[in-house]
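Below: the structure, in structure tokens.
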Amino acid sequence: MKRSILNLYHNVAALWNPIIFFLAPLVLLLIPLLVHTKEAKCAYMMIVMALFWMTEPVPLAVTSLVPIVFSPLMGVASTKIVCEAYANKTLMMFVGGLMVATAVEHCNLHQRIALRVLLWVGTSLRWLMLGFMLTTMFLSMWISNTAATAMMVPIVEAVLEEISDEQETRKENISLKKINPPDGSNMELNNGMVQETNSYFPQSKDITYGSWIVYNVPGMLLYVLVAWWFLFFYFTGTYCKSKENGKKREAVREVILRKYNSLDQISFHETAVLILFILLILLWLMRDPEFLPGWGPALSSDVHIDDATPAIFIALLLFIIPAKPSQLRSSPPLLDWKTAQNKLPWGVLFILGGGFSLAKVSEISGLSRWMSNQLSYLDSMPPVAIVIVLCILTATLTEVVSNVVSATILLPVIKQLSLALKVHPLYLMLPVTISCSFAFMLPVATAPNTMVFEIARMKTLDMVKPGFFLNILCICIQTMMIHTLGDALFHFNTIPYWMNVNTTLTTTFSSVLPEAVDNLTIHRITAISFLNMTST
């Protein structure tokens, strides 16, 4: 009997993905059959996609192609309109940016930066922890959270080997093995939602690369310091300087220094990629900075130049400039196409395209407007309470689906909600966008969580308990952020002209504090290292 039950279980498990893939759409088909409206048809498609994104009967990127099939067949939007969302200026900007990030990884520049920072901050327990956090924070500003985690975890493991007083022979054989990130479709993109936020209001110039940096970098640093303070106390039970073994500190420094010295002298390849990387950041910042004339309007006053143009320009240079000028005839370029094909997370582009498509279809069908009307009761709540409620809802959703998918589902609704409540759209959309990064509690929340959970052999509660408190802290900081620096930058007391609503807000926003980008992969590594460090 037990064997029969076990066999049945294995058979069902083997067929689980096909069952979900075919059965879920059939069962949910009752929605458009009972309610004959475009809103119901779009809701059906959105629920099917959300279910597929959570259960993954097919890869996330494949699910993102569903609107191309369902929207035209159900009479919601034409194939042309839906497909245009998969090849827009934002996606081209991401292609260029991801190619630059791939070139940084390809030449190993990111590892040199990481090891240099760790040597600089020191090797005592508290400073080593801060060093790992700051390094991961910085790297994940430019490369995906998944890639940053995959690079930092082996370094953490090597340091833990030294701290744990293993045999000397084992110390000598430490290998900073490379961890291969999961499939690209699951990689979390940093700042991936900011351009999507901006795309909902094309006439808006409030969200630029410069304003995003100004708004988020102070908060990013604040998040790291608060997480450092909390996690240090959580794992050690004290804020005081702990007694540490001087030999252990030297051993830790030795392993980091040994790895740093094993790197070759900085090459032309690394230098050229670094220069192009800095150049791209400057081009983004100075394209149209508002406070002074930018190079974009200066070069072309009649045609608008967006961030995709400099991104693709720098990407083209990567394929032209030789990595070894002294061997010009045989030298490969800074980035060759084979490497780009293998390392670029192409699946993410489909997920972003699916998000844009879903947002467009939701708007055309009227579903976004209908959903925002269901939330109109929030009008009776004070603005601070609205922000807190939305942040909690977002942080809860992002624990079970990816950051990008969370933004894809929520931002169209939040856009319509801001219009219905007659508040500045960024007042609601920015906190929701940032809260999509607060995925700290569950291993399945993001690829970095999963990687560290498996490598450290954690129990789920080991991640849930500190993650829960981090979520609370981050939501509090986010709420304070939007009412101080956010209000100063974006002037929430006035309805912007691009909203097409001639109303001035009478609501006054209370004073509070700063917030950050999609870069809090840090706590995932740090929590693991502390679980091990404090046990030695």
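Yeah, the Cβs are placed from backbone N, Cα and C, and that goes for glycine too.
TrEMBL: automatically predicted annotations, no manual curation.
Listed in TrEMBL:
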type: TRANSMEM; residues: 15-35; note: transmembrane segment
type: TRANSMEM; residues: 42-66; note: transmembrane segment
type: TRANSMEM; residues: 86-105; note: transmembrane segment
type: TRANSMEM; residues: 117-143; note: transmembrane segment
type: TRANSMEM; residues: 220-240; note: transmembrane segment
type: TRANSMEM; residues: 266-285; note: transmembrane segment
type: TRANSMEM; residues: 305-323; note: transmembrane segment
type: TRANSMEM; residues: 344-364; note: transmembrane segment
type: TRANSMEM; residues: 384-414; note: transmembrane segment
type: TRANSMEM; residues: 426-448; note: transmembrane segment
type: TRANSMEM; residues: 468-490; note: transmembrane segment
Checklist entry - When you check the transmembrane segment (266-285) against the transmembrane segment (42-66), do you get at least 3 Cβ pairs under 8 Å, counting only pairs 6 or more apart in sequence? => result no
Item to check | Residues of the parent chain within Cβ reach of the transmembrane segment (384-414), under 8 Å, 6 or more residues beyond its termini | outcome: 46, 50, 53-54, 60, 186, 188-189, 192-193, 196-197, 200, 348, 351-352, 354-355, 358-359, 362-363, 367-368, 371-372, 375, 378, 421, 425, 427-429, 431-433, 435-439, 441-442, 444-446, 471, 474-475, 478-479, 482-483, 509-510, 512, 518
Checklist entry - To the transmembrane segment (220-240), which of 15-35, 42-66, 117-143, 305-323 is linked by the most Cβ pairs under 8 Å? => result 117-143
Checklist entry - Any chance the transmembrane segment (344-364) and the transmembrane segment (468-490) are in contact, meaning at least three CB pairs closer than 8 A with a sequence separation of 6+? => result no
